[in-house]
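Structure, as structure tokens:
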Amino acid sequence: MFAFVEQRYPTLWPYIQLMRLDRPIGTLLLLWPTLWAVWIAGAGTPSLTVIVVFFLGVVIMRAAGCVINDFADRNFDGDVERTQGRPLATGALSAKQALALFGGLGLLAFGLVLFLNELTFWLSFGGLGLAVLYPFTKRFTFMPQLFLGAAFSWAIPMAFAAETGEVPEIAWLLYVANVLWTVAYDTEYAMCDREDDLKLGIKSTAILFGDADRLMIAILQALTLLALIMVGHRLGFSWPWYAGLVGMSLSFAFQHSLIRYRERWPSFHAFLNNHWAGACVFIGLYFQYF
């Protein structure tokens, strides 16, 4: 599909690249926990409106997040092997064009949230703020992954607000679980760029953890599973939910086989594998309510 766009509409291609529409992994990593929240908040039968709005919102806000991230990193991406081909780094698009695209995506997201209730509307501003803040945190903290986790998890309280009109305690427990998971998988992602980031003075948990990176990832993944077990216990879930968590744990084990030598591309594939971890949890959740 995207090869056709690149050949037929070459002027659109840099915008697609900037929004990462050709690389859906980020959308999937944002989508799975959003669906967890939507399904739990709706007790297995969420509103179709909520499903559609949050699905489209995930696609739009992930695209917007990529745009503002590349805008923030435009002076660094050309010096990092993995990001040298990004449109702002190559000059295919200007900073002004990126900001205009970000504004347009923000307006689309704003239009979507108008279909939901007032509490969800006000919560959406928190999500926007976190999305804008995250890319710039790499300049002043070794924990930008924590800010990414906060941003990537914000759809969880929003989903509960949209379905139930409130944000109960269980929503925040699910939020914490997803923040922990996000920090774990984005540390794997940061391992790919560690050498380049050290040269450029860019901060990350991969640099902060140093030789303890694999241990810290394992601890974060274990805490993720513990938090999700607590979610299941509080909701009275049975074997389908826990079977999904077994699937997630097997995915985590496979990832550790990939990152054992801390090589760039195996670490990237470990990051990609998290899509299956999130999918396992949702499949278990779906059959829990089936």
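Glycine residues also receive a Cβ, built from the backbone N, Cα and C atoms like all the rest.
Residues of the same chain lying 6 or more positions beyond the ends of the transmembrane segment (40-60) and with a Cβ under 8 Å from any Cβ of it are 27, 30-31, 34, 105, 108-109, 112-113, 115-116, 155, 158-160, 162-164, 170-171, 174, 231, 235, 285-286, 288-290. Taken from Swiss-Prot, the feature transmembrane segment covers 40-60 (among others).
Residues annotated as transmembrane segment in Swiss-Prot, with sequence analysis given as evidence: 99-119 (among others).
Among the features that Swiss-Prot reports, transmembrane segment is placed at 120-140 (among others), with the record citing sequence analysis.
Annotation source Swiss-Prot lists transmembrane segment at 142-162 (among others).
Swiss-Prot lists 165-185 (among others) with the feature transmembrane segment, giving sequence analysis as the kind of evidence. For the transmembrane segment (165-185), the list of distant contacts is 29, 33, 36-37, 40-41, 117, 119, 123, 143, 145-146, 148-150, 152-153, 156-157, 159, 205, 217, 220-221, 223-224, 227-228, 230-231, 234-235, 271, 274, 277-278: same-chain residues at least six beyond its ends, Cβ to Cβ under 8 Å.
Taken from Swiss-Prot, the feature transmembrane segment covers 215-235 (among others), and the record attributes it to sequence analysis. Non-local neighbours of the transmembrane segment (215-235) in the same chain are 40, 170, 173-174, 176-178, 180-181, 183-184, 187-188, 205, 209, 241-242, 245, 248-249, 252, 255-256, 259, 281; each lies 6+ residues outside the stretch with a CB under 8 Å from one of its CB atoms.
Summarising the annotation, Swiss-Prot assigns transmembrane segment to 239-259 (among others) and lists sequence analysis as the type of evidence.
Distant neighbours of the transmembrane segment (267-287): 25, 28-29, 31-33, 35-36, 39-40, 44, 82, 181, 185-186, 188-189, 191-192, 228, 240-248, 250-252, 254-256, 258-259; these residues of the same chain sit at least 6 beyond its ends, with a Cβ under 8 Å from one of its Cβ atoms. Positions annotated as transmembrane segment by Swiss-Prot, on the basis of sequence analysis: 267-287 (among others).
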